[in-house]
Amino acid sequence: MMPGAPSPSAPSIALNDENTMPVLGMGVAGLSDDETERAVSAALEIGCRLIDTAAAYGNEAAVGRALAASGIPRAELFVTTKVATADHGFTASREACKASLDRLGLDYVDLYLIHWPAPAVGKYVDAFGGLIQARGEGFTRSIGVSNFTEEHVSNVIDLTFVTPAVNQVELHPLLNQDELRKANAQHNVVTQSYTPLALGQLADNPTVTSIAGEYGKTPTQVLLRWNLQLGNAVIFGSSNAEHIVTNLDVFEFELASQHMDAINGLNDGTRLREDPMTFAGV
C-alpha cells in the first residue's frame, strides 16, 4: 500500500436485494487499456474495492487483467459493468452479460446495469428482463440501471415486478438530481453518482474553494464528501494514483449543514453528459 494511503475499503451501503456495495469507487470511462490497467492496479493497491466499467468503454479485459494481477480475493472486490444499447433485449442482454464475464475473466459481476434507457429504442424493459435472468443464473449478484429517469424506473418495476438495486446517474452540485433521488429512495433504489466532480468545472468555484479551505481539504474532497452526505454512492474517474488516494480519503470529516446548503445552492440544472430522455445510448 502506498505511504499515507487510507485504510482499505470504503464503508458499504445496503442494497434492496440483501447485498452490500462500497459507497465509493472508481470508474474507468474514457481510459485506454494501458491507462485502465494502471489506474485499476493503483486503486486496488490504495484500498479501493469498487471498480466500475462497461461494455461500451471497451476496457473490460484491461480491468480483468488488473483484477487478476492484484491477488485480492474475489470476495473482497465489487465489480460493476453495463450492457450496451445494441444488446437491449431479453436474450441479448443475458448473452451480453456472459460476454462481459468472458472479457473480465470473472465467474460473476457484483452489479450489472443497463447503461442507458434509450427510450426511442424501446427495449429497456426487455433488457431488464434479461438482467433478471442473468441474476438468476448467477452471472451477477445484483442488477440495476443507469441514466434512468423516474418514469423509466417506474416502468421497469411495474412491468417486471423487480426493483433495480441501483440507479447510476450524473450527479454533482450543478445537477443535484433532488427529485430523482427522492423517487429512487421511495423505491428503495440506491442513487449512485457519476461525474461527481462536474468535469472540473467547480474546481475553482469560490463557494467550493472557500469551504475546502475551512476544512483543510481539496475542492475535490469537498465535492465527493457533499455527494456522500446526500446519501449517495459515488463513482469517480481518475488515472492518477495521487488523485485516487485523495479521492478515497473523504471519510474522516463531515461537512456542516450550512456548507451542505451552500453547495446545494449551486444547482442550476446544468447537465454535462447526454440527456437520458433523448440520447440513443451507447
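Every residue, even glycine, has its Cβ placed from backbone N, Cα and C.
Feature annotations, courtesy of Swiss-Prot:
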type	residues	note
ACT_SITE	Tyr57	active site, proton donor
BINDING	Leu197, Ile235, Ser238, Thr246, Asn247, Arg273	NADPH binding site
Check: Given the binding-site residues Ser238, Asn247, which one's Cβ is surrounded by the fewest other Cβ atoms within 10 Å?
Finding: Ser238
Item checked: Count of other CB atoms lying within 10 Å of the CB belonging to Arg273 (NADPH binding site) -> 14
Next item on the list: Just jot down the residues in the same chain as Tyr57 (active site, proton donor), at least 6 apart in sequence, with C-beta under 8 A of its C-beta; none if empty.
Entry: Val28, Ala29, Gly30, Leu31
Note to self: Can you tell me whether DSSP puts Tyr57 (active site, proton donor) in helix, strand or coil?
What the structure shows: helix
Next item on the list: For Ile235 (NADPH binding site), just give me the three-state DSSP call.
Entry: strand
Notebook entry, point to check: What's the longest C-alpha separation between any two of Leu197, Ile235, Ser238, Thr246, Asn247, Arg273, the listed NADPH-binding residues, in angstrom?
Noted result: 24
Checklist line | Leu197 (NADPH binding site): tally of other CB atoms within 10 A of its CB | finding: 22
